[in-house]
Amino acid sequence: MADPKYADLPGIARNEPDVYETSDLPEDDQAEFDAEELSSTSVEHIIVNPNAAYDKFKDKRVGTKGLDFSDRIGKTKRTGYESGDYEMLGEGLGVKETPQQKYQRLLHEVQELTTEVEKIKTTVKESATEEKLTPVVLAKQLAALKQQLVASHLEKLLGPDAAINLADPDGALAKRLLLQLEATKSSKGSSGGKSTGGTPPDSSLVTYELHSRPEQDKFSQAAKVAELEKRLTELEATVRCDQDAQNPLSAGLQGACLMETVELLQAKVNALDLAVLDQVEARLQSVLGKVNEIAKHKASVEDADTQNKVHQLYETIQRWSPVASTLPELVQRLVTIKQLHEQAMQFGQLLTHLDTTQQMMASSLKDNTALLTQVQTTMRENLATVEGNFASIDARMKKLGK
């Protein structure tokens, strides 16, 4: 029954069923919905392998020493992660620098060193207690280093495309020369109809510098020799492979190298000379005659052995004939004896059981005899006691009668 204090409150519907929940889903079930699968071609689905990403960034640490990402206001500038104009490979990555990255790194380091030396020259005064490597000397050495770096002719040879083609300078140089030749041809073709004579100006001249690389030639020659040696080794390995025992041509071809195998083959070819073949044929004829004689002798020996075995088998059959006639009777007797033995075994078992029963009965009789003797003795004693009691009673009765 409802509490009466809520009976007269306004806004309470009377004579209507109570409703405790709405048609909406509960709050926990409202969050469950099926996400739409994006099937648009404009959306790029990127498949990320978490295991590969974990292996790539495993054991990697971000150095936060001396970094400050706070928004505090101060005189000093808050430094975050430093970034440069070029990509620098870290130490211990196991990745070899390309010529482009190496050139950019050296140029960048030389520029940084030049800036630092200029700052030192403007701030530090020369004195007698300076170190051996003074800023002035360091600036001179730095200028020489920069001159050597520029003297590599990389940007001069490859032009503005050095950052792109520095990984293959030879190919880039060839492409650059071809482009300049095409440009020269086109400029000559266009200016040929207008110029009437005289020497061309200096600006139309193209000067090429050819740099010979004997080390590269030696390296390519050594690579060709190594490739030839590799192919020769494979050929030798193929020639001296495992021999086939069934192939008579490959018998004896077990040379350690290609030259020895060729010499063995040459010896086999020389053995096929006509004079040598006649001698071999004569020897083969004599060997063939001996083989025929051995085959005949072997046939006669085999025939004698066969006759001996047949004679022994006939004698065995002759001895077996009388035994075969008596075999059915012998089998019948054996069956009868088997039955008799089974009956005798059963009779023996019965006798054993009877003997055991007789022994049990004898022991029971002995026990009963002993018990009977005890009962008789007890009865005699009891009878004597009863007789004595009756005698005493009679004596008392007689005394009472007097």
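For all residues, glycine too, the Cβ spot is worked out from N, Cα and C.
Quick look at what Swiss-Prot lists:
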COILED    100-130  coiled coil
COILED    215-247  coiled coil
MOD_RES   A2  N-acetylalanine
MOD_RES   Y6  phosphotyrosine
MOD_RES   S83  phosphoserine
MOD_RES   Y86  phosphotyrosine
MOD_RES   T134  phosphothreonine
MOD_RES   T199  phosphothreonine
MOD_RES   S321  phosphoserine
REGION    1-24  region 'Disordered'
REGION    185-205  region 'Disordered'
Quiz item: Rounded to a whole number, how many Å is the Cα of Y6 (phosphotyrosine) away from the Cα of S321 (phosphoserine)?
Solution: 127
Practice problem: Run through the Cβ atoms and count how many others sit within 10 Å of the one on S321 (phosphoserine). | Solution: 8
Quiz prompt | Averaged pLDDT, computed only over the residues in the coiled coil (215-247) | solution = 73
Quiz item: Which three-state DSSP class does S321 (phosphoserine) fall into?
Solution: helix
